[in-house]
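Database features, via Swiss-Prot:
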- K34: active site, proton acceptor (ACT_SITE)
- Y255: active site, proton acceptor (ACT_SITE)
- R129, M303: substrate binding site (BINDING)
- K34: N6-(pyridoxal phosphate)lysine (MOD_RES)
Amino acid sequence: MQAATVLINRRALRHNLQRLRELAPASKLVAVVKANAYGHGLIETARTLPDADAFGVARLEEALRLRAGGITRPILLLEGFFEADDLPTISAEHLHTAVHNEEQLVALENAELKEPVTVWMKLDTGMHRLGVLPEQAEAFYQRLSQCKNVRQPVNIVSHFARADEPQSGATEKQLDIFNTFCEGKPGQRSIAASGGILLWPQSHFDWARPGIILYGVSPLEDGTTGADFGCQPVMSLTSSLIAVREHKAGEPVGYGGTWVSERDTRLGVVAMGYGDGYPRAAPSGTPVLVNGREVPIVGRVAMDMICVDLGPQAQDKAGDPVILWGEGLPVERIAEMTKVSAYELITRLTSRVAMKYVD
């Protein structure tokens, strides 16, 4: 009997990288593998994508794990470095780093490095989280251009705040600021992440940075799924039935008795709960697949178990397979039902969920 297991489909991952090349044919791709590759496993994901032009991570520790795992492709520190003492390691490991504030710039100017570092100056075009403000950007850029520890030319990166809202006008404004600053500068440019790749072809530039869409999940919250863009789900969260029970009409189920059956039926108990990372907020009616057919969750999600209404004539039995999301049941549907973003669902599975890679 299978306990909670997440299946990672390597073939789908490779397919998605190729599909993104088709969507952004003039761009090189930074495969974003931060946060344990969005819950898919950092090292195995990178090893599955040897043709990625580079990898993007949030922390130096992630980059060093990739290097220790044999990954030799360029690795970009999307948040830059946190301490000046990190710079010798960044140089020695040939990492690329974002630079987005005065403290980082001063650290670069003062460092004693054996080799210069490839730098991506982060321009704040409207996200207002990290980055150099446009009115300060030219002077910042000139200092980077004159810094002995920076491999020239300086590259320029930014990030969209509302790429998933094509009617907002915010993305066009960010693009205008980005294009104005980059004009005449020789470095590489990058602003498009998943939403930019899908909706804003004019933003693809030299490098694009696919994140969640690389894993077959739509970054948009408009009812679309990764399949709508030609991508395949890489992660399937699976488990099995551990019991099947007869249940009488009028009887409640689970903590608080929040669901009461209107008919005699058969209930299945699934070895999955919020202790595995499944959302406790999932309401009755949230779908799962049992033996390939859709059935609803009933009652509250518990730490270790959920109950599903199999139907009065169901022939399912203990040990039968269950898919909570993934192949045949897009995680975007679960996100819509639970009001928990797909980003959070796929990255928050706990350590007791086994991970298995399949082709």
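Cβ coordinates are placed from backbone N, Cα and C, and glycine is handled just like the others.
Overlay of Swiss-Prot annotations on the structure.
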residue	record	Cβ neighbours (10 Å)
K34	active site, proton acceptor	19
R129	substrate binding site	11
Y255	active site, proton acceptor	10
M303	substrate binding site	10
Integer Å distance between the CA atoms belonging to K34 (active site, proton acceptor) and R129 (substrate binding site): 18
In three-state DSSP terms, the structure that K34 (active site, proton acceptor) belongs to: helix
Nearest-integer angstrom distance between the alpha carbons (Cα) of M303 (substrate binding site) and Y255 (active site, proton acceptor): 11
Y255 (active site, proton acceptor) and K34 (active site, proton acceptor), distance between Cα atoms, whole Å: 37
